[in-house]
Amino acid sequence: MATKFPSFSQGLAQDPTTRRIWYGIATAHDFESHDGMTEEKLYQKLFSTHFGHLAIIGLWVSGNLFHIAWQGNFEQWVSDPLHVRPIAHAIWDPHFGQGAIDAFTQAGASSPVNIAYSGLYHWFYTIGMTTNAELYQGSIFMMILSAWALFAGWLHLQPKFRPSLAWFKNAESRLNHHLAVLFGFSSIAWTGHLVHVAIPESRGQHVGWDNFLSVMPHPAGLGPFFTGNWGVYAQNPDTTGQIFGTAEGSGTAILTFLGGFHPQTEALWLTDIAHHHLAIGVIFVIAGHMYRTNFGIGHSIREILEAHNPPTGTPGDLGAGHKGLYDTINNSLHFQLGLALASLGVITSLVAQHMYAMPSYAFIAKDYTTQAALYTHHQYIAIALMCGAFAHGAIFFIRDYDPEANKDNVLGRMLEHKEAIISHLSWVSLFLGFHTLGLYVHNDVVVAFGTPEKQILVEPVFAQFVQAASGKAIYGFDVLLANAGGAAANANAAYMGGWMDAINGVRGSNDLFLPIGPGDFLVHHAIALGLHTTTLILVKGALDARGSKLMPDKKDFGYSFPCDGPGRGGTCDISAWDAFYLAVFWALNTVGWVTFYWHWKHLAIWQGNVAQFNESSTYLMGWFRDYLWLNSSQLINGYNPFGSNNLAVWSWMFLFGHLVWATGFMFLISWRGYWQELIETIVWAHERSPIANMMGWRDKPVALSIVQARVVGLAHFTVGYVLTYGAFLIASTSGKFG
């Protein structure tokens, strides 16, 4: 007899209802809960999945390279990046009538194609690729890499090649390896690629597999390196008149500190980027020798943590400090994952900011739709990672936390004064919410009643002061870098001449610090409200995961439970999973405000109409009317009774996204009993219908659990939200700028 799914849980496999399928899917990746799981097997399984993950990433990159080479227009785009639209891939669709075929035959193609808004063309071009053949080579290389990663994943599951538990628990060696080899060497290797391939290509000198061993990246060779005369590598940089990809205006420097942007490409100088990666690489290689392993030199993390205690007799008595944290972290995968997700979440949000404020890829600053798409993409990923960090933090408290081992240390004391933390977050959220909404609503009322001069408009003077300190001249603050005769400004001019031009937007629209006013002040505080409320829900979920006054034994019920009946006066909605679920709604709300703000402010700048944002962003109707409604007008005319244009696919997705989003509420508002009754009625009808009753169920159909219905509702809400805004963003930007 065939074994029923799921094979990893005999208890579930024997469940006679459809619960078996849904619980099986829900716990497929919860390796800890699987039958016969040991700690060593758990680590080994997770280790192998990392190779599978790398293989998927490699295949994805390979697919992008392949489709651009096969169906794109990379070589034409390279010849004129500012005017040729990059093609992502061809579209073949049997539903296309002649109108759609004509509309999507664009960017010089002879058949329907999609325009690329990924920035991949700019990336490939910047790192030295100029021909389709090079893209194909890259694609094949990535496929080989993926095959190797898959093999490595398989190999490390074989008995002879499974690492031991002790190997996984060796934190010092792992940190040294990650710091020195993964971060350090890869950064230096990337410097090597930039210096040997990308920089010569940017100066019109081809470097490929045929000549890379014979072309010297710098005329002085390695002499200055070995003699310590490193300054030679910074001499003779590219001039401000350099034409990217040609010898015109090119220098010979490979490692510089110019600051600012290349005037033509409006991207960071490649020689600055190479210098940055070399410095980062060297620092990480040094850092990778920090922890004590084989040779008895360096730091022991355990000793560092044990030593970090407040002196005895400290006023306020700060407890046991960091004692016990080494084992707590080292023995909890959820704690480690929480730390990793939190770090990666912050970095991803910073990437969103820096990719547009300081673009590193040639000409990407002028591709406005790509800029908008990449900013939004990275901010959405950031909120997902951050919510995941707190989810695994909560699971740590439920499954891995040992109160005795953490008695009176910083972690134990966090739990002991959780009420103070949660109530402060609550107070901040309430303060921000009432004051920000109060200002917006006041402004709406006075504008509605015809007296816009009565708006409460607050200038963000502190933020303007910070901008001025970094060199922003527009506000007239005579401070630090904005003080033309001051020591700071003189030093800056000597060491990083391009910075002031970049800060003040001297060249083009690529202005590092945008001027800010009352509209920015208000939306900044709206975003602060969203961030603090999301944090409140997530932090409360984690700190209350083990128990609360209402439910002291909560940890015994696990991470996700619907409630413990009516006996305690209402225990629904208080599991750690419910906190995660509620927080995702607030996170989506917040990222919506962040991306609305970014997009509208930039649309106004790109269209040369900054007054629209400045005047309309101070009251809510301005946002609804002049951002959302006005910018969806082109989009919703993508198709109409008279035909369709190349926005049609986005307008259809806009509609479809709304549908998916609205479907979520069907699951979020109705609970399990309704569906169970409905299912039983449908089963009754099925069993009494001729022909239909010839087929039965192997599993008795039952409704989803309360928690599952919530996750289905949340999934629809999230996917619909993303599809709707993604379609709006791309169509409203590309409809104006291509």
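Each residue, glycine too, has its Cβ placed from N, Cα and C.
Here's what Swiss-Prot has on this protein:
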BINDING   C563, C572  [4Fe-4S] cluster binding site
BINDING   H658  chlorophyll a B1 binding site
BINDING   M666, Y674  chlorophyll a B3 binding site
BINDING   W675  phylloquinone binding site
TRANSMEM  46-69  transmembrane segment
TRANSMEM  135-158  transmembrane segment
TRANSMEM  175-199  transmembrane segment
TRANSMEM  273-291  transmembrane segment
TRANSMEM  333-356  transmembrane segment
TRANSMEM  372-398  transmembrane segment
TRANSMEM  420-442  transmembrane segment
TRANSMEM  521-539  transmembrane segment
TRANSMEM  579-600  transmembrane segment
TRANSMEM  647-669  transmembrane segment
TRANSMEM  711-731  transmembrane segment
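All features noted in Swiss-Prot, drawn onto the structure.
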residue: C563; record: [4Fe-4S] cluster binding site; DSSP class: coil
residue: C572; record: [4Fe-4S] cluster binding site; DSSP class: coil
residue: H658; record: chlorophyll a B1 binding site; DSSP class: helix
residue: M666; record: chlorophyll a B3 binding site; DSSP class: helix
residue: Y674; record: chlorophyll a B3 binding site; DSSP class: helix
Under 8 Å by Cβ from C572 ([4Fe-4S] cluster binding site), same chain, sequence gap 6 or more: P562, C563, I706
Inter-residue C-alpha distance, H658 (chlorophyll a B1 binding site) and M666 (chlorophyll a B3 binding site) (nearest angstrom): 13
CB contact flag for the transmembrane segment (372-398) and the transmembrane segment (521-539), at least three pairs under 8 A: yes
Pairwise CA distance, M666 (chlorophyll a B3 binding site) versus W675 (phylloquinone binding site), rounded so that it is a whole Å: 11
Fewest other Cβ within 10 angstroms of its own Cβ, chosen from the binding-site residues C563, M666: M666
Candidates Y674, W675: member of the binding-site residues with the richest Cβ shell (10 Å): W675
Cβ neighbour count within 10 Å of H658 (chlorophyll a B1 binding site): 15
Intrachain neighbours beyond the transmembrane segment (46-69), with Cβ under 8 angstroms and 6 or more residues off its ends: 31, 86-89, 116, 118, 120-121, 124, 132-133, 135-136, 138-140, 142-143, 145-147, 149-150, 152-154, 156-157, 163, 168, 333
Long-range environment of the transmembrane segment (175-199) - Cβ separation under 8 angstroms, sequence gap at least 6: 126-128, 207, 212, 215, 217-218, 254-255, 270-271, 273-274, 277-278, 280-285, 287-291, 293, 301
For the transmembrane segment (647-669), distant same-chain residues with Cβ under 8 A (at least six beyond the ends): 100, 103-104, 632, 634-639, 709-710, 712-728, 730-731, 734-735
